[in-house]
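Structure record follows, encoded as structure tokens.
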Amino acid sequence: MAENQVDPKRNLPLYGAADESTSATDKEDEVENVRQNGSAPPIEEARESNEAPAADEYPHGLSLFFIVLAIMLATFIISLDQTIVGTAIPKITDQFHGLDKVSWYGSAYFMTFGGFQTSMGKAYRYFSLKTTFLVSLFIFEIGSLICGVAPNANALIAGRAIAGLGGAGMATGGFTIIAFSSEPKRRPLFTGLVGSAYGLSAVAGPLIGGAFSDKVSWRWCFYINLPVGGLAAVIILIFFHSPSGAKPVKAPLKEKILNMDLVGVSLLMCLIICFILALQYGGQTESWNSSKVIGLLVGFVAILVALIIWEYYLGERAMLVGRLLKKRALWAPSTYMFFFAGSYFILLYYLPTYFQSIDDTSPIGSGVRNLPMVVTFSIAAILAGAFVERTGIATPVMLVGAAIATIGTGLIYTWDIGTPAGKWIGYQILAAFGFVIPWLIPMNIAQANADAQDMSTVTAYIFLAQTLGGAFSVSAAQSAFVNTMLTKIKTTAPDVDPMALIATGATQIRATFPNDIHGVLLAYMAGLKATFAISVGMVGFACLMGLFTPWNRLHGSAGGAAFA
């Protein structure tokens with residue numbers, strides 16, 4: 001679209017492929033006209049080039065190898081921050097004395113990781129792809145350092161939030177770099193390789209978290225990010241060069257900032273905080289009908305309405321662009337990913353609690369018992385990526401994966417005190433296989449049906465859905481866990497003070513309540529079953545949402561919205 005064209009919906013000049021007949025003065029006049037109208041240039045047309053990289057621009061050989069390696073390292077550490085904490089949480093609750101803030105250890109990271117996805121996606125549109133990725137990595141490293149030195153729970157939560165902000169930029173930028181570095185037909189293979197880094201972090205996370213928590217300190221769960229992230233930064237600095245299709249928009253800084261939609265991001269953050277706090281207080285420190293809990297829930301609804309109105313008002317500048325969200329190739333896989341990822345993260349955070357509290361294993365032992373799930377996840381990620389690359393089949397794989405995951409999580413729900421090894425090994429393998437085979441397919445579908453200028457934005461939307469699913473699901477699961485446990489303890493161990501139980505770390509319940517341990521374990525198990533039930537429901541709903549995803553093969557649709 002040439003610069004002199006007009007968007008009929010906005011009646012504003014669009015910044016598209018440069019028209020050589022347009023003078024520099026004309027360009028300046030158009031920019032000034034936009035500024036006087038109080039609107040920034042519509043972001044979806046704001047590219048120097050709407051084309052994917054030319055064939056000779058794709059890196060090859062050693063350069064491609066190192067670029068993919070760097071993105072795998074970056075993916076490894078931002079994913080490790082999601083998987084390593086689950087095993088470390090019982091030890092963290094011991095040091096910071098309580099279960100009341102457990103949901104924040106995961107949700108603070110998911111909140112900023114998800115909330116800033118679209119803004120970071122736009123940052124890659126308006127600023128250098130390479131520079132923005134490196135700055136995001138630096139922010140992530142700062143957050144990890146804060147987590148490592150945190151003197152209390154609040155400092156740890158703050159560090160997690162900062163790390164999530166950096167992780168948002170790294171995730172969007174990493175997959176955008178892969179998209180611009182690989183030909184469309186080979187893209188599923190490389191995203192599968194990056195997915196294997198996620199799987200590797202899933203394998204290493206519980207083991208590393210358990211080893212550090214047992215033998216050194218849980219703080220090393222965060223220190224480990226520093227050298228790995230530094231290596232990834234050096235590789236990107238040397239080997240990656242932004243292609244012509246990824247040139248940033250030439251627009252005034254004010255317009256770039258306006259298009260980041262920081263108001264929308266702030267509303268989303270407030271929305272998530274209200275939800276988490278309501279679930280944290282409800283039934284634990286406050287009754288569900290208390291003014292504080294009701295106020296938070298009312299605030300959640302009010303902010304949600306305000307966010308919808310604000311996003312509609314901003315139009316093309318919004319964090320959530322209506323033009324893109326109307327496409328079935330984006331909203332269907334995004335919704336699928338919200339529920340699918342939410343279900344997985346519940347298992348990721350609560351299986352270690354099951355093993356360490358119910359089975360009385362050490363953190364290392366808990367990590368070892370998680371291996372059936374995480375090893376399956378790692379191996380199957382590569383196989384799934386290769387299959388999709390070879391066949392182009394996407395939606396059927398999503399449905400089959402979600403169906404298998406539903407069966408697997410349903411079987412995990414049947415676990416109880418003293419469940420034999422054969423069941424907790426086999427059920428984890430089944431669930432993991434179901435979760436991994438479709439994990440990256442929503443990303444493949446969104447990218448294969450996006451124009452070059454929309455690549456980073458649609459990538460961000462998938463990550464937004466994934467991480468918000470994690471934030472909401474982990475918070476809901478924690479609320480269900482604690483409330484169910486407190487209700488159950490009144491009958492299984494009536495002499496135990498419920499508030500004392502909440503204030504006791506998951507690995508200390510036997511030492512703290514030796515005379516009532518059987519009743520405490522029954523209460524813990526009831527709470528864990530409540531979390532597993534939520535996991536089953538979410539992945540089951542994801543399976544239904546998969547039916548709405550377009551059934552076209554990915555081959556032949558890359559680079560230009562094949563279906564709407």
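Glycine residues also receive a Cβ, built from the backbone N, Cα and C atoms like all the rest.
Here Swiss-Prot flags 1-10 as compositional bias 'Basic and acidic residues'.
Residues annotated as region 'Disordered' in Swiss-Prot: 1-52.
Here Swiss-Prot flags Asn37 (among others) as N-linked glycosylation site.
The feature transmembrane segment is assigned by Swiss-Prot to 60-80 (among others), with sequence analysis given as support.
When Cβ-Cβ distances below 8 Å are used as the criterion, the transmembrane segment (101-118) is approached by residues 78, 81-82, 85-86, 89, 92-93, 153, 156-158, 160-165, 167-169, 171-172, 261, 265, 268-269, 272-273, 276, 279-280, 319-320, 345, 349, 457, 460-461, 463-468, 470-471, 474-475, 477-479 of the same chain, each at least six residues removed from its ends. According to Swiss-Prot, the feature transmembrane segment maps to 101-118 (among others), an assignment based on sequence analysis.
If you look up Swiss-Prot, you'll see 161-181 (among others) marked as transmembrane segment, on the strength of sequence analysis. Long-range neighbours of the transmembrane segment (161-181) within the same chain, counting only residues 6 or more positions beyond its ends whose Cβ lies under 8 Å from a Cβ of the stretch, are 52-53, 58-59, 64, 67-68, 71, 74-75, 78, 81, 108-117, 119-121, 123-124, 129, 132-133, 135-144, 146-147, 187, 190-191, 194, 222, 225, 236, 240, 242-243, 245-246, 443, 447, 455-456, 459-460, 463, 467.
Beyond its flanks by at least six residues, the transmembrane segment (192-212) meets 68, 71-73, 75-77, 79-80, 82-88, 174-175, 178, 218-221, 224, 348, 352, 362-368, 370-371, 373-375, 377-382, 384-386, 388-389, 436, 439-440 of its own chain at Cβ-Cβ distances under 8 Å. The transmembrane segment annotation in Swiss-Prot covers 192-212 (among others) and rests on sequence analysis.
Residues or ranges marked as transmembrane segment in Swiss-Prot: 262-282 (among others). The list of residues near the transmembrane segment (262-282) in space but at least 6 beyond its ends in sequence, with Cβ under 8 angstroms from a Cβ of it, reads 100-101, 103-104, 107, 111-112, 115-116, 118-119, 288, 290, 292-293, 296-297, 299-300, 303-304, 306-307, 310-311, 314, 318-320, 468, 471-472, 475-476, 478-479, 483.
Here Swiss-Prot flags Asn289 (among others) as N-linked glycosylation site. In sequence order, the list of same-chain residues 6 or more apart from Asn289 (N-linked glycosylation site) whose Cβ falls under 8 Å from its Cβ is empty.
Annotated transmembrane segment per Swiss-Prot: 293-313 (among others), in sequence order.
As annotated by Swiss-Prot, transmembrane segment applies to 329-349 (among others).
Beyond the ends of the transmembrane segment (368-388), by six or more residues, the same chain brings 83, 87, 188-193, 195-196, 198-200, 202-203, 205-207, 210, 347, 351-352, 355, 359, 361, 394, 397, 424-426, 428-429, 431-433, 435-441, 444, 554 to within a C-beta distance below 8 angstroms of the stretch. What Swiss-Prot lists as transmembrane segment is 368-388 (among others).
Swiss-Prot lists 392-412 (among others) with the feature transmembrane segment, giving sequence analysis as the kind of evidence.
Residues annotated as transmembrane segment in Swiss-Prot, with sequence analysis given as evidence: 425-445 (among others).
Annotated transmembrane segment per Swiss-Prot: 462-482 (among others), in sequence order, evidence recorded as sequence analysis. Beyond its flanks by at least six residues, the transmembrane segment (462-482) meets 82, 99-100, 102-103, 106-107, 110-111, 113-115, 117-118, 164, 168, 171-172, 175, 272, 275-276, 279-280, 282-284, 333-335, 337-343, 345-346, 349-350, 442-443, 446, 502, 527-528, 530-531, 533-535, 538 of its own chain at Cβ-Cβ distances under 8 Å.
Taken from Swiss-Prot, the feature transmembrane segment applies to 531-551 (among others), supported by sequence analysis.
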_Does the transmembrane segment (531-551) come close to the transmembrane segment (392-412), meaning at least 3 CB pairs under 8 Å for residues 6 or more apart?_
yes
_Folded-back contacts onto the transmembrane segment (329-349), same chain, C-beta under 8 angstroms, at least six residues removed_ = 82-83, 85-86, 89, 106, 110, 202, 373, 398, 402, 405, 409, 412, 431, 435, 438-439, 441-443, 445-446, 449-450, 458, 461-462, 464-470, 472-474, 477, 531-532, 534-536, 538-539, 541-542, 545-546, 548-550, 561-564
